[in-house]
């Protein structure tokens with residue numbers, strides 16, 4: 001591609017709506033990285049005569065980052081939604097053989113091609129909202145061949161679509177039926193067979209575990225983290241969603257990229273996360289969908305300076321959500337985040353939760369030229385509207401990959 005000077009735009013370069021430039025320009029190198037950003041009046045002489053692209057005064061932010069999703073799976077779980085409306089809890093449904101395990105059955109039965117086609121339909125609406133980087137977890141196969149299929153599909157999505165895909169191995173998501181009553185043996189399988197094989201195939205960017213009463217214990221979770229450490233892989237954790245089990249402190253001890261959910265996080269866990277630099281990933285879609293009543297400790301996270309990210313947590317059972325903008329709205333209305341916190345939560349802090357701050361989440365020299373162009377008059381509208389298309393253009397690596405009128 002050729003170098004381009006994007007001009008006549010309002011710039012929020014670092015995901016902070018309190019740090020903007022009213023008349024800005026972005027110089028993009030031919031390799032798709034940022035060369036320079038700043039005031040239009042300050043464009044360096046070396047970029048002044050580059051070919052130009054006029055954005056007609058639109059707002060520009062970094063491309064959005066969805067840092068926690070379960071996008072690849074078979075089937076759906078609308079029947080469980082009806083059960084939940086009738087009064088069944090998430091734990092009760094899981095104990096009846098529903099929940100994650102029901103999706104495991106559908107995923108194991110699906111071909112790789114079928115998994116890919118279903119995931120495409122879930123990914124497209126996110127891309128149309130300005131998402132340029134996404135995390136995709138495994139965890140609905142729970143045996144080597146099916147976990148491999150899920151991670152292969154995630155890689156294929158990154159090859160087929162203009163989005164950076166970060167894969168996470170979540171073999172320790174639930175106990176598969178064939179291991180009922182033998183959780184430690186299943187963790188042996190995860191640590192000694194599944195993770196080494198998948199890592200050797202280049203399918204794993206990070207490792208996650210569901211540490212909860214209906215998931216895995218602290219001791220079992222630590223075994224998974226140790227296996228990841230032996231492979232030099234970063235870790236993250238589903239922690240404190242349904243109870244305070246101390247998972248966040250364990251995650252912090254292993255310097256996890258993120259601890260996610262966190263409704264039952266306590267002060268000790270917050271302090272540990274702050275000390276380790278672990279990002280708090282909040283998932284308001286799941287909170288809303290399962291009608292949780294315990295809010296994450298937002299004020300504690302603020303006081304300790306723990307970075308807060310937001311993500312869709314797209315999954316079939318507790319958050320069938322394919323809108324990161326609606327996630328921002330929920331973060332503000334349900335979790336009482338500010339617009340500043342919400343936008344940082346889907347840009348800079350979300351990139352940190354992926355260990356990808358050097359590539360995503362901010363428009364600065366050397367980073368990928370991934371940005372979204374918005375048809376709004378103020379950035380608060382990104383968290384204000386829901387159900388309304390706001391993204392008019394997506395640029396990935398300096399190339400326009402989506403325009404609203406091209407859909």
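The backbone N, Cα and C atoms fix where each Cβ goes, and this holds for glycine too.
Here's what Swiss-Prot has on this protein:
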BINDING   68, 70, 238, 313  Fe(3+) binding site
BINDING   68, 70, 238, 313  Zn(2+) binding site
BINDING   77, 140, 173, 241, 318  4-imidazolone-5-propanoate binding site
BINDING   140, 315, 317  N-formimidoyl-L-glutamate binding site
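Annotated features taken from Swiss-Prot, shown on the structure.
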residue: 68; record: Fe(3+) binding site; Cβ neighbours (10 Å): 31
residue: 70; record: Fe(3+) binding site; Cβ neighbours (10 Å): 26
residue: 77; record: 4-imidazolone-5-propanoate binding site; Cβ neighbours (10 Å): 22
residue: 140; record: 4-imidazolone-5-propanoate binding site; Cβ neighbours (10 Å): 31
residue: 173; record: 4-imidazolone-5-propanoate binding site; Cβ neighbours (10 Å): 26
residue: 238; record: Fe(3+) binding site; Cβ neighbours (10 Å): 30
residue: 241; record: 4-imidazolone-5-propanoate binding site; Cβ neighbours (10 Å): 28
residue: 313; record: Fe(3+) binding site; Cβ neighbours (10 Å): 27
residue: 317; record: N-formimidoyl-L-glutamate binding site; Cβ neighbours (10 Å): 24
residue: 318; record: 4-imidazolone-5-propanoate binding site; Cβ neighbours (10 Å): 27
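Of all the binding-site residues listed here (68, 70, 238), 70 has the Cα closest to the Cα of residue 318 (4-imidazolone-5-propanoate binding site). Residue environment of residue 315 (N-formimidoyl-L-glutamate binding site) contains 24 other Cβ atoms, counted within 10 Å of its Cβ in all protein chains. The binding-site residues recorded for this entry are 70, 77, 140, 173, 241, and the Cα of 77 lies nearest to that of residue 317 (N-formimidoyl-L-glutamate binding site). Taken residue by residue with DSSP, residue 140 (4-imidazolone-5-propanoate binding site) is part of neither helix nor strand, so it is coil.
Take the mean position of the Cβ atoms of 68, 70, 238, 313, the recorded Zn(2+) site; other residues of that chain with a Cβ within 8 Å of it are 69, 137, 260, 261, 283, 286, 311, 314, 315, 319. Apart from 140, 315, 317, the residues listed for N-formimidoyl-L-glutamate, the same chain places the Cβ atoms of 70, 73, 77, 100, 103, 139, 316, 318 within 8 Å of the centroid of those Cβ atoms.
The CA atom of residue 70 (Fe(3+) binding site) is located 11 Å away from the CA atom of residue 173 (4-imidazolone-5-propanoate binding site). Straight-line distance linking the Cα atoms of residue 313 (Fe(3+) binding site) and residue 241 (4-imidazolone-5-propanoate binding site), rounded to a whole number, equals 13 Å.
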